[in-house]
Amino acid sequence: MQFDDFANHVITIEAESADLEITSLVSKLLTTAGNMDDKTLSTVVRFIKGTVFPAWSSQTLDIGPALLHTTIAQAAGPNVDSADVENRLAEYGEIGAVAASYDLNGQQGLSAFTPSTPDSLTVGHVDKTLRAVASASGDGSESRRRNLLFGLFSQASSSEARVLARLILGEMRIGVGTGTVRDAIISGFIEPAADADKKTLESREDAKSVPPASQPEITNKISGDTSPNTSESVQTKKSDPDTSSNVDPSAVVERALQVSNDYGMVATIARNQGQAGLIDISLELGRPIQAMLAQAADGVDAVDTWDAVAIETKFDGARVQIHTDGESVSLYSRNMEDVTDPLPEIVEFISQKVTVPAILDAEVVAVSDDGDPLAFQEVLRRFRRKYDIDAMRESVNLNVYVFDCLHIDDADLLDIPLRERREKLRELFNTTDALSPFQLTTDPNVIAQARSKALSNGHEGVMLKDPDSTYNPGSRGQHWLKHKPDVETLDLVVTGAEWGEGRRANVFGTFVVSARTTADEQQFNSLGKVATGLTDDQLTTLTEQLRPHVRSEDGQTVMIEPAIVVEVGYEEIQRSPTYDSGFALRFPRVVGIRHDKAISDVDSLSRIKHLTTGESPD
């Protein structure tokens, strides 16, 4: 597929605002690419989402704005420098428009940098080149990366340059999210195949005499129903195409995406094998999936909702997904970054304890020499360490607590109940020492006692889980609840913002929130950025209220005069050098816009310190 064709599809999608029409246009793009080889289709799916690599891959381009600006300037000609690119960025507001504003196509001397460059850009060549950019390392790697990018931009038309620049920074800005791509796969490949199957069935002379196909195993696999024979549900089964055609296609595609964590792969299988092929996708060692997530819970209402409640300790640690083939071990963070090398003691522990292929969900916790839990930041010190790992290992001790299993000994376990997964976990380790504490109860008092014990031991609280629930990757439903102490909200003032993307390109999508430096001053220090908690309508309203207070703009970033107060919830306040207050909010969210409060009512840093350290406020 010519990259120019892809770019024109992207620009057409960008001009559309209606969600259904955007899905239709993406579907048209996929079916166009679908007439080509598997690799091209897979690449187009990733590109339309603004990524070069599958979601499960920890590989990144790692191209910052500065290098991109320099490369665009180089491709634009000798009279253009990066300062000119940055000036245009301030004028146009986004890098794609800046790249499109230059006459890049036709630069000479390409053969010195990319001797295998085709006469025109193709999707495959762009993908191959960007992968080479990501792989460049060692002495001279930055120069090689710049030359490779220069080779692409030097051949790019205006539309190609617009899309290429956005793709490199992972900012497509066209309103295409994961749900859009999922629905486009359904409408492009699943529904047409289902219609064709239906017509074939209707054309049979004996169609009326054919009884409905039985499909218990497929329904169980897609719906997560665990009431029938669950021992069969973990076995490897091939789907009957006639049966699978009766399953909700949305559920089939969603489940395939959860298990594979690869949109390109799912699109290719949907085209080639239909629903039956998607149903047969299974977990794979070395291909991490999204973690199942929990919602915050204010009380013990779960007792009234579930038949029983599973209680686990809520650690103040970092989530890891453990993959082992019974010998070698790989560790992945919640963001699917490979963290195997920084955590050698966890690798050693799992290697000793687990001798069969397995995928496990666990929490890594930093502990003192006495075994007491340390703050979350200490764990991050280990995760981020690339050098002198042995020295850091001596400095920060780690424990691992395994609390779930997704795959054991060639069997996927996502669709069996939590209580059964925990039993398999106990059998796998043949001990409870490595496992997160686990107990079942129907008594609210037991939950309260467990939470009190966890808090007194220095942990965050408890997790409450439905013992009959299946494991839904990437889902934040009502089956896992975080039961922690109530945290007060903060009244903070908006002092900056960033423009949104896609459908939210004309409103602020992220806000910098700040506290007063002292209780009697009108000076402010930032505590972080918040991007959740507001509806589209609320974002529009808040943007209009903030516009008169804009001090300056620099590309996507806006400086704002302190005027509008927002109520912000959070999970924790941490010390951080990132913001000038010296603190940062963990998982902040806007609870509401406080029009009833003036900036003099904004919380002070002394209160922040009090909430963090217990020091008396001024």
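Just so you know, glycine gets a Cβ as well, placed from its N, Cα and C.
The annotation region 'Disordered' is assigned in Swiss-Prot to 197-250, 459-480. The annotation compositional bias 'Basic and acidic residues' is assigned in Swiss-Prot to 197-208. Marked as compositional bias 'Polar residues' by Swiss-Prot: 216-234. Sequence annotations record features per position, and here Swiss-Prot assigns ATP binding site to Glu312, Arg319, Arg334, Glu363, Phe403, Arg476, Lys482 based on sequence analysis. Annotation source Swiss-Prot lists active site, N6-AMP-lysine intermediate at Lys314, citing sequence analysis.
As a summary of secondary structure, the region 'Disordered' (459-480) carries 0 helix, 10 strand, 12 coil according to DSSP.
A Cα-Cα distance of 11 Å separates Lys314 (active site, N6-AMP-lysine intermediate) from Phe403 (ATP binding site).
Under 8 Å, Cβ to Cβ, and six or more positions away along its own chain, Phe403 (ATP binding site) finds Glu312, Asp361, Ala362, Glu363, Leu425, Leu435, Ser436, Phe438, Met463. According to DSSP, Phe403 (ATP binding site) is assigned to a strand segment. Arg319 (ATP binding site) has a Cβ environment of 16 other Cβ atoms inside 10 Å. Among the residues Glu312, Arg319, Arg334, Glu363, Phe403, Arg476, Lys482 said to bind ATP, no two Cα atoms are farther apart than 19 Å. Of all the binding-site residues listed (Arg476, Lys482), Arg476 has the fewest other CB atoms within 10 A of its CB. Neighbour density for Glu312 (ATP binding site): within 10 A of its CB lie 23 other CB atoms from the protein chains shown.
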